[in-house]
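A.B. asks: Before I ask anything, let me first share the structure, which is written out below as structure tokens.
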Amino acid sequence: MLKVRSKLLLGALSLVASGTMAQADGKLSLYCSAQEDWCQLMARSFEDATGIDVNMSRKSSGETFAQVKAESVNPKGDVWWGGTGDPHLQAAEENLTEAYVSPMRDQLHDWAISQATSANDKTIGIYSGALGYGYNADILAANNLPAPACWKDLLKPEYKGHVQMANPNSSGTAYTTLATMVQLFGEDDGFDFMKGLHTNVNQYTKSGSAPIKAAARGENTIGIVFMHDAVKQAVSGFPITVVAPCEGTGYEIGSMSIISGARNMENAKKFYDWALSAEAQNLALEVNAFQVPSNKGANTSESAPDMSSITLIDYDFSKFGSSDERKRLLQKWDNDVSVLPQ
Amino acid sequence: MKISSSENKTLPVLIFWILAGWVGFAVLPWYGVEDGFFSFDWVFDGYPMDRDYAPAAFLLAQGKNLWLAPMVFALLAPLLVLRLKKSDPRYGAILLAVGAAGLAWLMAQGLAIGIRGWTTDWLGLAFGPLDSRQYGMGYGALLTASAFLFLFTQGLAARGAINGDVFVVSAITGVIAIVAIFVFFPIAKLMTAAFIGDDGSISILSFLAKFGDRRIWGLGCFSGGRCGAAWNSFFLAIIVATITTTMGLVFALVVTRSGFKYKRLLRALTVLPIITPPFVIGLAIILLFGLSGSITGFFADVFGVQPTRWVYGLPGIVIAQSLAYTPIAFLVLIGVVEGVSPSMEEAAQTLRASRWEVFKTVSLPLMRPGLANAFLLGFIESMADFGNPLVLGGNYDVLSTEIFFAIVGAQYDQGRAAILAIVLLSFTLGAFYAQRFWLGRKSYTTVSGKGDSGVHPAMPRGLAIPTFAIATIWGLFTVVIYGMIFYGSVVEVWGMNHELTFKHYVTAFSFRFEDSGIRWSGSAWDSFWTTIKIATIAAPLTAAIGLITAYLLTRQNFAGRNAFEFGTMLSFAIPGTVIGVSYILAFNVPPVEITGTGVILVVCFIFRNMPVGVRAGIASMSQLDKSLDESSLTLGANSWQTFRGVVLPLLRPAILAALVYSFVRAMTAISAVIFLVSAEYDMATSYIIGRVENNDYGLAIAYSTTLIFVMLSAVLLLQLLVGKIRIGRRGAGREKE
């Protein structure tokens, strides 16, 4: 027995001598936090464009942040693309992501670059979406309701039981809504607005885009969501009208970052530059993603909201993205708003 | 004679495992290969020197990962045993020590050293900082660990455990080991996660604070507000269990105690919940009763009332769950109602009791265990249900969905998910335990094997009429719901455009012929094939583990048998969402790092469905006379040969049933799966949920309908096969029993 075994070992050892070290080029590990089909399309198109193998894994931006943090000593991902800006900014703050100044910058909108400068070039804007709401025109008509145009319209008693929004505890969209009201009306009036809204809300959904989907199906009248989600339903043929509230509104900036210590740094930068190009950003339309692309030359859908006609507030991402402020506002909403009778 | 022969036969087994240990240590990659368990790129990619692919021995030779070194001694020591006789006390002692020590060291180092070096701070304080790190275990570690385990069991057998039967000892230990790793370890991880505070330290205070959360235990619904998720789940489960038990009893009475003609049809209904993807009924209910549902619209038109969203929340979930779980209660109760011996009832009638009195004082009390059983099953199923609350829940938060959103939503709070999971687990385990405790002690046996040729008396008329009415309405309702599902799959856009179309089927399942063969261009094929693949791999494994466990439970006596049985049946009472969360917590990090792979799905299905395999095995094995095994053993076969040559062939029906059942369950599972799928391994159910989320009801329902038909054919095929198998020389009369 022993003899057989030692021969085996010998054989294995001679293999060692002839073995060569592995080379890990031609690969890219992409963490994607946008919708699944968009992620797939980005990964495949980048493969087609460069021949680099993309290993894509899709997780929500919160999960991805947790994963990048957990792997920080031994990063497995190279680029983190998509998802709302807050966790990207937080990752930049904790030095989990790498600073990079792309040659593509001169093609980008200002808001995309200001996202980068506020994080010392460790992240950049790839798309943006403004908050608003949409309503089902058929149901509105069936109930003889006037068409709303402003945030404050939603407080009117005739809309009682007709408004739906997500729960800010479980949805980033709804947290953005809460933070927007606080910035738009001031903290006290903002919370008064949320309280007034509460009496009209028929359900706090778990996921951010659910209210407008319910409205599209005729299961709800008005849904507070990001406008691009409402546009998507309208384009799919549902009787949805998109509203950009008259008082002005908040927005999110979908971001991209290179993970610090990426194993395939060169390829990560290639992807970064490619993802900022008009050609890559045009892919969004193929999967009905109606966010506004950050490249000035990229196409926007005719149905997409025209950002220039929307009054955007000066959203303070660093303050309202910080976990302390988030926790405080959510706690306050939990204690002061959610417990009120409807 | 027998002793010497077994001595000669054991030796090859011993040599095999010693060799296996060395192969695992010195030949196969020690750590998990990143490209997946079934990919073999590593063979050409720098093996055996590359750090990621190197066997443990090569790592040590390069002076890396020195903590693996002690295992060399554990692998060398058993070589000493080869010279010893099996009867030598040192033989068993060495194997025991080596197996235990090797396994313990393997686990200890795996748990202590992770991706970021030491996994806990005190290890760093005790041994100084560690620069190295290690990933999840791979083939090598797996093989070496098995080798240690089976060296250990051979030691045990040599010391005389279970009459020195190596096969039985190994089987018992093997089952214990995998149940420990894949059921108890994740649950333990879950418990620990619940105590970890926001700053990462373990504290009871943060556990209590999160545990006492108003969103879990609040009782505001009695004063106009909202109740916590725990109470919501509890109330829901009580209501649903009551309804399903009553309805199940109604159906069972109609089938056994009335002149109803279409009993077979009613029995066929029991198959439905098994083959229905979990949220389809919820969707159908929205299409009927939602704000724009057809029935809502009809009532609004006829009575001029304003449509409301009443179905979202408790009412909707109750309707959906009652529909889904009544057949399960029926299945449980029909056996019980049939099992009440007619002679008891006849005796009562002879004593001039009226039919109503007989029913009330004789039949009903004898059905009590069945009622309790059905109630508890309904309770557990309702608690664990994920799909229906997800689509119909409205503002009525229940534990299973809250767990999901604690993990996937913006909050991403694993601690909260763990706490909610523990609350849910205590409810279901409580019910599971109550069932065993309460039913285990009373005897309700009335069928005794003596002449029992009576027929069940018909129901009293006062009972028969309402029973019939309810059964008919319910049956019609079920038919409407399933009709709805099919109709929904062939209309353009439900509620807006009812033109008939096959477009959803085309989008999902189109394919075309090309030079290179068939191209599956439909959007659903990926997840469909993955589901079939995973289900096909999981089914035989589930059946195998289930039957071996059943064999051990019915044929072998060993210390701790009851605990063993409880442990193997436990996973039945663990809700899918809890399994999902605990698997993420346990298997996302070394030593067992399998999230995002197909392996975790297979493993999940095996342990979710294992209790069914065990039950099926026990049921048919207790029908086989033990004397068969004994004669085989007397003729000199060992227990493995007996199991393979005698027991297994007689178990074919049970094997088939376990196979088909676990296959079908793997196709409809959602609650655990939704945490474990990845872009590469997407399952049919999670794909459908994704479509629902996207408002693509047509596609979702078309896909579900297809799944229903696929599973229906699997079940029918089983019926056909099992119906034809005749075992041995037993007459057809016995078979019918």
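In case you wondered, yes, glycine gets a Cβ from its N, Cα and C as well.
TrEMBL lists these features:
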- B:230-433: domain 'ABC transmembrane type-1' (DOMAIN)
- B:528-718: domain 'ABC transmembrane type-1' (DOMAIN)
- B:12-33: transmembrane segment (TRANSMEM)
- B:93-115: transmembrane segment (TRANSMEM)
- B:135-154: transmembrane segment (TRANSMEM)
- B:166-188: transmembrane segment (TRANSMEM)
- B:268-290: transmembrane segment (TRANSMEM)
- B:310-337: transmembrane segment (TRANSMEM)
- B:417-434: transmembrane segment (TRANSMEM)
- B:463-487: transmembrane segment (TRANSMEM)
- B:534-554: transmembrane segment (TRANSMEM)
- B:598-618: transmembrane segment (TRANSMEM)
- B:654-677: transmembrane segment (TRANSMEM)
- B:697-722: transmembrane segment (TRANSMEM)
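I'd like to know what surrounds each of these features in this structure.
C.D. replies: Long-range Cβ contacts of the transmembrane segment (B:135-154) within its own chain (Cβ-Cβ under 8 Å, at least 6 residues beyond either end) map to 10, 13-14, 17-18, 20-21, 23-25, 27-33, 52, 55-56, 71, 74-75, 78, 95-96, 98-100, 102-103, 106, 110, 115, 166, 169-170, 173-174, 177, 589-594.
Beyond the ends of the transmembrane segment (B:310-337), by six or more residues, the same chain brings 232, 235-236, 239-240, 243-245, 247-249, 251-253, 255-257, 266-267, 269-273, 276, 278, 281-282, 285-286, 289-290, 293, 296, 363, 367, 369-371, 373-375, 377-378, 381-382, 385, 388-389, 392-396, 398, 474, 477-478, 481 to within a C-beta distance below 8 angstroms of the stretch.
Long-range contacts of the transmembrane segment (B:463-487) within its own chain (CB-CB distance under 8 A, at least 6 residues past either end) are made by residues 247, 250-251, 253-254, 258, 260, 266, 269, 272, 280-281, 283-285, 287-288, 323, 326, 356, 359, 701, 704-705, 708.
Panel annotation: around the transmembrane segment (B:534-554), residues 168, 171-172, 175, 178, 561, 564-565, 568, 598, 601-602, 605-606, 609-618, 621-622, 643, 647-648, 651, 654-655, 658-660, 662-664, 666-667, 681, 683 of the same chain, lying at least six beyond its termini, place a Cβ under 8 Å from a Cβ of the stretch.
Remote same-chain partners of the transmembrane segment (B:598-618), defined as residues 6 or more beyond its termini with a Cβ less than 8 Å from a stretch Cβ, comprise 36-38, 179, 182-183, 530, 533-535, 537-538, 541-543, 545-547, 549-551, 553-554, 568-569, 571-572, 576, 579-580, 583, 587, 651, 654, 657-658, 661-662, 665-666, 669, 672-673, 676-677, 680-681, 683.
Beyond the transmembrane segment (B:654-677), the same-chain residues lying 6 or more positions past its ends with a Cβ under 8 Å from any Cβ of the stretch are 274-279, 384-387, 400, 404, 407, 531-532, 534-536, 538-540, 542-543, 546-547, 550, 575-577, 579-581, 583-584, 595, 600-601, 604-606, 608-609, 612-613, 616-617, 619-621, 648, 683-686, 689, 707, 710-711, 714-715, 717-718, 721-722, 725.
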A.B. asks: Residue list, the transmembrane segment (B:93-115) vs rest of chain: Cβ under 8 Å, 6 or more residues beyond ends.
C.D. replies: 14, 21, 67-68, 70-71, 74-75, 77-78, 80-81, 84, 123, 130, 132-135, 137, 141, 144-145, 147-156, 158-159, 589-592
